[in-house]
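Swiss-Prot has this to say about the protein:
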type: BINDING; residues: 30-37, 149-152, Ile178, 186-189; note: ATP binding site
type: ACT_SITE; residues: His37; note: active site, proton donor
type: BINDING; residues: Gln61, Gln155; note: (R)-pantoate binding site
type: BINDING; residues: Gln61; note: beta-alanine binding site
Amino acid sequence: MLIIETLPLLRQHIRRLRQEGKRVALVPTMGNLHDGHMKLVDEAKARADVVIVSIFVNPMQFDRPDDLVRYPRTLQEDCEKLNKRKVDYVFAPAVEEIYPHGLEGQTYVDVPGLSTMLEGASRPGHFRGVSTIVSKLFNLIQPDIACFGEKDFQQLALIRKMVADMSYDIEIVGVPIIRAKDGLALSSRNAYLTAEQRKIAPGLYNVMNSIAEKLIAGNRELQEIIAIAEQELNEKGFRADDIQIRDADTLQELTETSKRAVILAAAWLGQARLIDNQSVTLAQ
């Protein structure tokens, strides 16, 4: 496994891979890797000749400076995990390599609508940062496929739209959420939880399941369902942030013709903001 930190060296290897006709898969990450990331790597390995994992804590997508500072950086451990998985390349650039002139005045990629709704409304600029760094990685690495986790449901929808709108010839693969045995979705931010909070954390998944059962039963009193869910979360020790029930295919409000719903949930537990989602097929 080769660790690449500079753009010239990356371009040199990408040119060679293209000349050799290799099928390249990209797994973009911010590091602090867990089993959910490893599932992305496994999916990439099954679909391509060469797997490149990027590890870059992207300052452009953080809406709070304190969150950027405390985000876990575990490059050595990450590389050890990826080496065991027989990943071909790790691209781990410094911030100065990606943004040599700083963030002020930086050209960015914005996906209208999707970047400012739902999660984007509570985290201004976040999705603009995501779409910008992903487009930069696509331009640099020129992958045939790229793997993203379905845990970040809105992010995946945003990437798919950006790829379509910008005419990238890249297959976007969504990989299902990996959960702990108690239902908690794996996330790098779970590291912020204390031992006691970790015991409470699966409550978010349980509340989503309760919402799903109501939707499957035909209940469409969405505001009432959401209010009850928020109350349940608060009683469990969370601080409910945002719960939405949307059309899974458009992320717009549910209509009578919606075939699938997605429950999008975000809640604070101590210093950790946990997000999760669940899709439900609606009775027609």
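Using the three backbone atoms N, Cα and C, a Cβ is placed for every residue, glycine included.
Model, not experiment: these values are computed from the prediction.
Shown here: features listed in Swiss-Prot, placed on the structure.
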residue : record                    : DSSP (3 states)
Met30   : ATP binding site          : coil
Gly36   : ATP binding site          : helix
Gln61   : (R)-pantoate binding site : helix
Glu150  : ATP binding site          : coil
Gln155  : (R)-pantoate binding site : helix
Ile178  : ATP binding site          : coil
Ser188  : ATP binding site          : helix
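Spacing of Ile178 (ATP binding site) relative to the residue listed as 'active site, proton donor' is 9 Å (Cα to Cα, whole number). Taking CA atoms as the reference points, Ser188 (ATP binding site) and Gln155 ((R)-pantoate binding site) are 16 Å apart.
Gln155 ((R)-pantoate binding site) and Leu33 (ATP binding site) are 18 Å apart (CA-CA, integer value). A count of other CB atoms within 10 A of each Cβ picks out Leu33 as the most crowded of the binding-site residues Leu33, Ile178. Most other Cβ atoms within 10 A: among the binding-site residues Gln61, Gln155, Ser188, that distinction falls to Gln155. Closest to Gln61 ((R)-pantoate binding site) in space, going by CA atoms and restricting to the recorded positions Met30, His37, Glu150, is Met30.
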